[in-house]
């Protein structure tokens with residue numbers, strides 16, 4: 001079992017990573033140790049994940065003397081919305097839950113982001129715990145306190161920075177994850193190697209097969225390394241005013257794909273993969289990376305069974321309309337996270353539109 005701490009002074013919290021953590025109530029017991037007897041806990045999940053894991057969590061909570069209840073939400077990116085947020089608020093208000101309630105987000109990135117935002121808003125903030133069940137949420141969205149819902153005009157535009165009290169990652173959950181969802185998570189894993197750790201990227205090139213075979217040692221190492229990197233970055237820049245923006249490699253292009261094609265038609269990680277190729281090509285056109293480095297990025301995404309092409313139905317204008325709504329835009333200027341090598345990246349603001357267009361069009365011919 002691996003244990004990592006996100007160091008944020010009085011808001012620091014642990015990340016526990018290992019196989020079979022759901023079977024051991026000790027992890028929840030440690031987190032809830034300072035709570036009241038008969039502590040009220042709400043587990044929020046979706047209709048796909050709840051039948052697999054909710055009963056285990058509820059049983060553990062009951063063993064600990066908690067008064068636990070379950071809210072099941074619809075499954076899918078399209079439900080990461082204000083309508084579903086209101087459904088959560090109605091459940092909490094109708095249940096007369098007080099400010100000392102603990103909320104557990106049991107699911108993937110949609111559940112984690114939505115439940116985190118609801119926890120930030122309910123009575124101006126209640127404690128919540130992340131129990132991510134997809135690879136993407138385990139390596140990225142459950143760590144760092146970004147919470148949000150989508151708006152038809154943009155992804156994650158309504159949200160808050162709100163840290164969990166703990167993150168519990170059981171790698172056994174990945175055995176029930178469809179391969180397409182697993183691959184979407186691998187896109188975020190690869191991202192960490194590109195922006196921060198060239199040696200980790202090298203390791204991924206050699207070990208993708210082990211990850212897809214759900215090799216426990218390889219999975220634990222990869223997830224822990226991603227969480228270590230994210231914890232280091234978040235500790236330096238919690239509110240994304242500097243280095244944390246590098247974690248958005250591929251996301252400016254990728255969010256445009258998700259918004260234009262409809263949330264859920266491309267999985268988030270699929271859009272990030274395509275967006276990362278466009279960002280890498282932008283870097284190549286600007287002379288920031290070599291042809292060999294560009295090829296390595298494209299090849300690892302292909303090896304991971306991820307899309308590297310630009311969606312045929314999206315024009316340059318479609319991309320720019322959405323990208324100019326990106327949260328990194330400052331004073332009307334588009335800023336892109338661009339790799340400057342394998343293991344490094346920068347936020348760069350002065351990319352000419354003709355280069356961006358060339359990068360987008362490059363993906364049409366791959």
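Each Cβ is built from the backbone N, Cα and C atoms, and glycine gets one as well.
Binding site for Zn(2+) per Swiss-Prot: 188, 268, plus 251 from the candidate set 151, 251. A helical conformation is recorded for residue 188 (Zn(2+) binding site) in the three-state DSSP classification.
Rounded to a whole value, the Cα-Cα separation of residue 112 (NAD(+) binding site) and residue 251 (Zn(2+) binding site) is 18 Å. The Zn(2+) site, placed at the center of the C-beta atoms of 188, 251, 268, has further neighbours from the same chain whose C-beta lies within 8 angstroms: 136, 140, 187, 191, 250, 254, 269, 271, 272. Between residue 176 (NAD(+) binding site) and residue 268 (Zn(2+) binding site), the C-alpha separation comes to 19 Å.
Closest to residue 188 (Zn(2+) binding site) in space, going by CA atoms and restricting to the binding-site residues 75, 109, 173, is 109.
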